[in-house]
Amino acid sequence: MSVLKQLSIFTDGSCLGNPGPGGYGVVMKYKAHTKELSDGFALTTNNRMELLAPIIALEALKVPCKIILTSDSQYMRQGITQWIHGWKKKNWITSTKQPVKNVDLWKRLDAATQSHEIDWHWVKGHAGHVENERCDTLARVAAEAKPTQEDLGYQPSVSSS
């Protein structure tokens, strides 16, 4: 059995207006290497971008890894570490008997986590955490760049902040 590569991933999402133009930012660190990823969407929500950031990061990995994934989104972290288990058992219905919002991204994030060992960490946003601040900048710049790409899963009647 081989030892898994260990890396750190930092993620953030941004939305102007919520809903409005949005973007995500990712900083991935492996040993002395750093990779940044970001993109923007014409109409989306902050929570969708907070979910998309770790999805993009995890989907970029070609082999199973041991990951410390850090975000300032309690929604994303609690969703993937706590709420998702009940949602899956109840066929993606919440404890209040409503359909899970952003279910397309929750399913995608769940699938993206399966081959990795992930420790999910939370940091307070806008509190001087260097990598989180960089992700915030990447996400905001992507959102401000007048993106034309559609967030195909965004449904105004179903999704919310």
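Counting starts with 1 at the first residue shown.
Each Cβ is built from the backbone N, Cα and C atoms, and glycine gets one as well.
Because the structure is a prediction, the values reported are computed rather than measured.
Binding site for Mg(2+) 1 per Swiss-Prot: ASP12, GLU50, plus ASP72 from the candidate set ASP39, ASP72. A helical conformation is recorded for ASP136 (Mg(2+) 2 binding site) in the three-state DSSP classification. Secondary structure at GLU50 (Mg(2+) 1 binding site), taken from DSSP and collapsed to helix, strand or coil, is helix.
Applying DSSP to the domain 'RNase H type-1' (3-144) sorts its residues as follows: 57 helix, 49 strand, 36 coil. Every protein chain shown contributes to the tally, and the Cβ of GLU50 (Mg(2+) 1 binding site) ends up with 27 other Cβ atoms within 10 Å.
A Cβ within 8 Å of the Cβ centre of ASP12, GLU50, ASP72, the residues given for Mg(2+) 1, is found for these other residues of the same chain: THR11, GLY13, SER14, MET49, ALA53, SER71, SER73, MET76, GLY125, ASN132, CYS135, ASP136, ALA139.
Between the candidate binding-site residues, ASP12, ASP72, ASP136, the densest Cβ environment within 10 Å is the one around ASP12.
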